[in-house]
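Asks: Before I ask anything, here is the structure I am working with.
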Amino acid sequence: MPEIKVMDHPLILHKIGIIRKKETGSKEFRELIGEIAMLMTFEATRKLELEDVEIETPITKTKVKQLKGKKVAIVPILRAGLGMVDGMLTMIPAAKIGHIGLYRDPKTLEPVEYYCKLPEDCANREIYVVDPMLATGGSSSAAISMLKNKGVKNIHFMCIIAAPEGLERLKKEHPDIDIYIGGLDEKLNENGYIVPGLGDAGDRIFGTL
Ligand SMILES: O=P(O)(O)OC[C@H]1O[C@H](OP(=O)(O)OP(=O)(O)O)[C@H](O)[C@@H]1O
Ligand SMILES: O=c1cc[nH]c(=O)[nH]1
Ligand SMILES: [Mg+2]
C-alpha cells in the first residue's frame, strides 16, 4: 500500500521553522535543507526490506540483518532538488544519482523539461524523487511520469514543503507512489507560491535571488 506521511519529528519541524524565516541566508538555508533531507530519509526508507545473513564476528558466527533486494537511486529535480542529495547520501552512500531538469514556467506554471540522465538500471532500483517544493504538483508529477515511461515501478517522492493542491494532484495522477512531506502548508497564492512556504527554494539554496 502506498504511504503518505507528513513528518512529526521535532528536529525536522525545528529545522523547517528556521528555513522559513526570510532572514535565513543561503549558507544556513543550504545546510538545513541537507540536514532535513537526511532526517527525512529515515522515515522514507522505513519500508526497505531486510534479510538475515550469516556472518562471523571476531567471537562467533551469528545472523545479522542486511538490506534485501533492490538497490536505491536518488533522483533530484533540478535545481532545488540537488540541495537534498548530499544529506540523503550520508544515509545511503551507495545510492546512484539520476538527474531530471525541470523548471516551472513563471507565467503558465507548467513544467518545462531541459535534462534527463538516469542510471541505466533505474528500472530495477528503489527510486527516491526529491524536490524541496511541491506546489501545483506539475513538476513532480511530470518527473514521475518520465520515470514510469522508462519502466521504473518503485517510486517514492520526498519534499520538504507541500501545498494541499500539489498533494491532491500527485495522489490523483500517481496513486501508486509513497509521498513523504516535511510540512503540509495552507495553500498556493495567485503566483503559484506556497503559503506560508519559504519562497523560491532553488534561489535560496543557490543564492540567485
Ligand atoms: O509543484 P510545481 O508548481 O511544479 O512547483 C514546484 C517546482 O518549482 C520549483 O522549481 P523552479 O521552477 O523554481 O526551478 P529551480 O529549482 O531551478 O529553481 C521547485 O523546486 C519545484 O521543482
Ligand atoms: O513556493 C514555491 C513554489 C514553487 N517553487 C518554489 O521554490 N517555491
Ligand atoms: Mg526555483
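Quick reminder: no glycine exception, Cβ is built from N, Cα and C everywhere.
Automated prediction, rather than curation, is the source of TrEMBL annotations.
The following feature annotations were taken from TrEMBL:
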type	residues	note
DOMAIN	6-208	domain 'Phosphoribosyltransferase'
BINDING	ARG79, ARG104, ASP131, PRO132, MET133, LEU134, ALA135, THR136, GLY137, GLY138, SER139, ASP200	5-phospho-alpha-D-ribose 1-diphosphate binding site
BINDING	ILE194, GLY199, ASP200, ALA201	uracil binding site
Asks: When DSSP states are folded down to helix, strand and coil, where does ALA135 (5-phospho-alpha-D-ribose 1-diphosphate binding site) land?
Replies: coil
Asks: Measure from the Cβ of ASP131 (5-phospho-alpha-D-ribose 1-diphosphate binding site) and count the other Cβ atoms within 10 Å, all protein chains considered.
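Replies: Neighbour count, Cβ to Cβ under the 10 Å cut-off: 28.
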Asks: In terms of Cα spacing, which of the binding-site residues ILE194, GLY199, ALA201 are within 10 angstroms of ARG79 (5-phospho-alpha-D-ribose 1-diphosphate binding site)?
Replies: ALA201
Asks: Based on Cα coordinates, which of the following binding-site residues are within 10 Å of ILE194 (uracil binding site): ASP131, MET133, ALA135, GLY137, SER139?
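Replies: MET133, ALA135, listed in sequence order.
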Asks: Looking at the binding-site residues GLY199, ASP200, ALA201, which ones sit with their CA no more than 10 Å from the CA of ASP131 (5-phospho-alpha-D-ribose 1-diphosphate binding site)?
Replies: ALA201
Asks: Here are the binding-site residues: GLY137, GLY199. Which has the lowest count of other Cβ atoms within 10 Å?
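Replies: Candidates: the binding-site residues GLY137, GLY199. Fewest Cβ atoms within 10 Å: GLY199.
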Asks: Can you tell me the CA-to-CA distance separating ALA201 (uracil binding site) and MET133 (5-phospho-alpha-D-ribose 1-diphosphate binding site), as a whole number of Å?
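Replies: Cα of ALA201 (uracil binding site) to Cα of MET133 (5-phospho-alpha-D-ribose 1-diphosphate binding site) measures 7 Å after rounding.
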Asks: Nearest of the binding-site residues to ASP200 (uracil binding site) by CA-CA distance, picking from MET133, ALA135, GLY137, SER139?
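Replies: Its closest listed neighbour, by Cα, is MET133.
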Asks: Within the set ARG79, ASP131, MET133, GLY137, SER139, which binding-site residues show a CB-to-ligand 2 distance under 6 A?
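Replies: Near ligand 2, sequence order: MET133.
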Asks: Determine the mean pLDDT over the domain 'Phosphoribosyltransferase' (6-208), rounding to the nearest whole number.
Replies: 96
